[in-house]
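Asks: So TrEMBL lists these for the protein:
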ACT_SITE  D431  active site, 4-aspartylphosphate intermediate
BINDING   D431, T433  Mg(2+) binding site
BINDING   D431, K432, T433, E535  ATP binding site
DOMAIN    55-104  domain 'P-type ATPase N-terminal'
TRANSMEM  81-99  transmembrane segment
TRANSMEM  105-123  transmembrane segment
TRANSMEM  306-329  transmembrane segment
TRANSMEM  358-383  transmembrane segment
Amino acid sequence: PASATAAASAAVDPPHGSRAEADRLGASLKELADADARIVFVGDPGGTDPRLVLPGNAVRTAKYSFLTFIPRNLFEQFRRLAYVYFLAIAVLNQLPQLAVFGRGASVLPLAFVLLVTAVKDAYEDWRRHRSDRAENGRAAAILDPAGSGQFRPRRWKDLRVGEVIKVLADQSIPCDMVLLATSDPTGVAYVQTINLDGESNLKTRYAKQETMSRLPSTIAGSVATVIRCETPNRNIYGFHANLEVDGKRVSLGASNIILRGCELKNTAWAIGVAVYTGIETKVMLNSSGATSKRSRLETHMNRETLLLSAILITLCSAVSICNGIWLAIHRDELELSQYFRKRDYSGGDEKYYNYYGIAMQVFFVFLMAVIVFQIMIPISLYISMELVRLGQAYFMIRDNNLYDESSSSRFQCRALNINEDLGQIRYVFSDKTGTLTENKMVFQCASIRGIDYSEGKDPSPNGSDVYYFWRPKMLVKTDPKLVRLLRSEGETQEGKHARDFFLALAACNTIVPLIVGTPDPKQKLIDYQGESPDEQALVYAAAAYGYVLIERTSGHIVIDVLGDRQRWSSLLCLPD
């Protein structure tokens, strides 16, 4: 429509504006020196940076291997001071001079608790190995190096730096790759970075026009196509590189790279070249691995063990000192004491048993007292705790109140050592809203040209009879007066202002609509994705009043205005 031209000319497509700004900033970056850069030949993994031994794309998040499980698991378990104490007691009880209980009986409790914990840790690590195998065994489409121009399937773990990869919609990115081409004519791709930064909103990434205009097979076959990029680092928000195509150098920035773990959304396909693989990807460099977690209760028990150990040492010292005093007083009477001295007259020589002098006797009595009083630190408490944790994990996993019907998944207990810490919060550190809150914006009312439309709300979401075919995912209550004004056939100044208002809400944004089918063939569910929850709330409000954004590309948008589908061209304003 003619009236739409003026409105569209005022709406600058923000993704393109961001792209122009990113390109300008990228061009201002200093050039990378060859000594500080990684040289990647596009489509030629064998010739990529011969100075370095580049890792494969396999990742490993498991803590143990078959050979390291026993020593490392024992080291982790003996970080509990009580286990060191029980081990010392078991070793002392093996000495003939100090044996108080049966030698086997002193070892069995510690062996049992170590075995139960080891089985639990082995099960947790087995699940990590299983997840790693599933991740490394996923298939990716790789450009045939023979030059056929076809993409062949290959496992993720076999990918190498320099290979050209094709990713389809809703697929995960197998490695950090620089975009070469996308299904959009202008090179725009939308990705979801929820696995990286927890943000569910879509981000925009771009392919350079120098590579968009060429077929992937010709790019890979050109020896002049080279990427010089920075060495691997943990910064997921920055990227410094440049691309050389047929002698022309083009700068690359963070908007031109897609990181491993992202998902391609609202884009049919994207083609890129791998620059970082495996442990060199940014997501793996930021991963701390499987850490050993200890609950607050366990930390408290370690402190209690130290206190009880001090009391035990004091008590045993008192017993040994008293024993030394008694031996000194009855030194001359020990000849007749069977517990300290006994003569062997069979050989004619004197032989002493069980007595090694007062100093050694005091030391032995001290150690024997430690064994006798070992019940001050009960090993049964630790056995009970391990069994209770297993039971807690079972009941949490089987709890129907923790079952998510939308994803058909149950509660997962990934660390059995910290069950008791659930719900125990001491400190809260928050950097922004959204960390603690849902960060969900809801459209409440509107004031258009000084007229307030907030007198009443339709109890039925989405205006009841406002619209039927398109059903927005977020429900918005509407104002009946405003609904009647928008649907009235008569042209009034107030109605024109209201229509322009909601048309601007539907058009002037960076929202990407995702259309999902429903069981009802006469109805479509529409989900709006974007970086700003404010924009999402406004676009959902426009849809509730009948101005439904149903398509967005880099060159145009399509809005369904109360059943009348309208196409609007996006005008790009470039900085001087």
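The backbone N, Cα and C atoms fix where each Cβ goes, glycine too.
Are these features on the surface or tucked inside, and what touches them?
Replies: Around the Cβ of E535 (ATP binding site), 19 further Cβ atoms fall within 10 Å across all displayed protein chains.
Each residue of the domain 'P-type ATPase N-terminal' (55-104) gets a DSSP state, and the totals for helix, strand and coil are 23 helix, 0 strand, 27 coil.
Outside the transmembrane segment (105-123) by six or more residues, the chain places 64, 69-70, 73-74, 76-77, 83, 86-87, 89-90, 93-94, 371, 379-380, 382-383, 386-387, 389-390, 416 with a CB less than 8 A from a CB of the stretch.
Through the fold, the transmembrane segment (358-383) approaches residues 80, 82-83, 85-86, 89, 92-93, 97-98, 100-101, 106, 109-110, 112-113, 116, 305, 308-309, 311-312, 315-317, 319-321, 323-324, 327-328, 331, 340 of its own chain, all at least 6 residues removed from its boundaries and within a Cβ separation under 8 Å.
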